[in-house]
């Protein structure tokens, strides 16, 4: 083909290229506009269309004449990207042969490619719409739950009469946090796409929607859990405070429980107080304090041990009763009640006939009676210490009374023989004889309190030994009702002996202190009577501590008779 023919063909191709933008297909317009050198723009292409650019460039290289392609290469080489990035797919060398005829088949892939580019964006828009709808729904649910919890807490505070304004600040914190979460995520401001940016592809839109939904669900769960726990804690605390303040019996019951103490605790406290008082006084003489003397003779220790034994026996009785039911339970209850009635009858008898107590008995008579009663209990206990204490108390009282009577007789004879001046000369002799045998009022008072404390301590010790032997060392089993009656006789004899001793002590005080003033003598006499009454009370309380011990003994005896109950131990 000649040169003229080539020029003619080139001109024809140029005219065809100029007429192509007038085509009706929008896909062809877009493709040709991108391929033309005049359409080169300095604006950066979106990231979503970076993958489409190499294909379009290749297609343009195939359908563009060499002259135009060279010009586009030169212009592209002169221009640099705005972002400073150089892409490898921007310039593609045309190595294939260029056809001068228009390729009609290239129009169809361009249309399909354009449709493929449009479909992901529309799909992403639909995903973003669903994401915003879900986030708005969860946000509204979170806000509703937060407001509900706040309303519950406010209602509880109003019901419990809580008017403190400071309590409102911690209550409003969870609600503000929930409102802040719901306010940051709104349907109008979608975090997956900006207001002016094009929609992302389908995969990016779905990932953004899922992450947003996950964050909202996590925040909602945290707010619901935290708010619920705070509400429950708030209601519980305020309820307990109101109950403690409004219940009239709550404080009274608590006070009574704190004041409830045992007899041994009271005696120990009295002992400690007396020690503190004596520590402040720099005295060497022995003082007549009943609590300290009672502890010196180990009465307090035996009383505490008896209390512990009684409490353990009581717990055993209760645990055994819970293991029974029906007829067996009723029979056992009747037996235990009958044992208790014996002790109750003894208390009422002591209150009704207090004048029968305090019958005077000699030390030998009391020792004989005590030995017989212990033998009836079938326990190997000998009252040696108690008998010695009783004998010691009776001996010094009798000795003091004899000395006082001799001194009184001598004084009366001398008064009859001599009068006037002779009386003045004989007064020193009377003082010498009296000082040798007779005791002073303070000494008699001291011996009285000491004897009462020693005798009472020995009585408590004897009852403690009897309780131990009833539980663990009986030679022969005896019905609990009979043992209860014997124990009542034993404690009655002890109380009568203590009362008799206190009366003897007061008589001795009155005789020795006949020359003393009433202001000095009467407090001593009253103190001896008071300590004697306290001693009998301690012995009676120790008897009541033996009731659970006898009940346990009866349960064991009944179990041995049945010989078929595994609960017996």
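Numbers run from 1 along the shown chain.
Note that Cβ sites are derived from N, Cα and C of the backbone, with glycine treated the same way.
Given the ranges 332-367, 368-403, 404-439, the record in Swiss-Prot names 404-439 as region 'Disordered'.
Per Swiss-Prot, the residue annotated phosphothreonine among 186, 197 is 197. Using a 10 Å Cβ-Cβ cutoff, residue 262 (phosphoserine) registers 14 neighbours. When secondary structure is read from DSSP and collapsed to three states, residue 262 (phosphoserine) falls in the coil class.
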